[in-house]
């Protein structure tokens, strides 16, 4: 499936390559690697070590140590893949003038930052417009790098470390969600693949990896808030409700923060609602729909809309709205910012001659190319899992993420570069690997998954 999509997009792109702004390796943004150095051996060796040792650790470790180690493995794998260009490969993607660190010195007054941010998105009348990535995102994205600089951790090295840490920390959240919705076996099967997914190629080099980490943590907290049977001890004087309320507040705050990292993360509303409404009850994870003991659709619907699910959703929504209101009082109107970012995306900044625009990118092409790029990020093992689908509550995660991606496609604002833009949603699709028959094909599929990532790293100089 992935191969057919990539081949079709390649054949279509030959005639319109000049309008794609993708370099030579569409649907992935980059160019063919033209140099050979000793650093190319790093991902090969790392992949071999992962193939030899990671399955053993997945089988033997207890769950919590496995979650902790999966974070380390995810970070190490992303760093190893980026080291094909030497140590500079970790920071080079953040160095261009289009990136967030370029504009960090421009923010001299944090108290005035939110109120003046929108003035520099499109119109240069009030001074130079923001860099491409800054102007296309809410103020929170640049704000994180500014805060990092203010506490003495300035420079590209610390910026790259923040992105790597954020992306790696998404992995335990995704695995915890997989276990919550699919059971202990599903969580362990997914742990074999999730930390070593080809998505790691863009975790060490893209701020979107940081966004993915915040999003995954928010969804995880919200899901556990709606599943009290597995989040707290039996209620003692209402403690379980307090614990669930705190988790819901944390989830709402994290997801609300995502709105100030990327406008596209507003599509997380679909996964957020899904993880709450379909959270497992006291019976634990299982299929979606009425149980065998109760086939009454009305009773099942009442259970889905029960207070234990609705209250966490409402608490989370209140936190999201509170953040939007606080930003508005500080001078930044999120909806106005979205309209300005959309204008800049479609028409370019007025101070750039000629403007850097996406309008000339053919929509019909990216309706195919974007899913193809997403398939590249997910890797062969995740795509192979589509052949082993079965009725399971676990499907809530990838289905909700797929609907969010569909919303992004319909918006016509994500044309290319989605290997990084879709990272928060791609990570929610990786639990599909829990459907794979690991005992029969686990080693083979892991080898193919690792080989796919190494092949891309060795042959393509990605832009991110």
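The backbone N, Cα and C atoms fix where each Cβ goes, and this holds for glycine too.
TrEMBL labels come from automatic prediction, so no person has curated them.
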Which of these ranges is annotated transmembrane segment in TrEMBL: 122-142, 269-289?
269-289
Under TrEMBL, the annotation transmembrane segment belongs to which of these stretches: 156-177, 332-353?
156-177
Can you work out whether the transmembrane segment (444-463) touches the transmembrane segment (310-330), with the criterion being 3+ CB pairs under 8 Å where the paired residues are 6 or more apart along the chain?
no
Taking the transmembrane segment (189-205) as the reference, which of 156-177, 245-263, 395-414, 420-437 gives the largest number of Cβ pairs under 8 angstroms?
420-437
Under a Cβ pair cut-off of under 8 Å, which of the recorded stretches 66-84, 245-263, 364-388, 395-414 contacts the transmembrane segment (156-177) most often?
66-84
Should the transmembrane segment (364-388) and the transmembrane segment (395-414) be scored as in contact, given a threshold of at least 3 Cβ pairs under 8 Å and pairs 6 or more apart?
yes
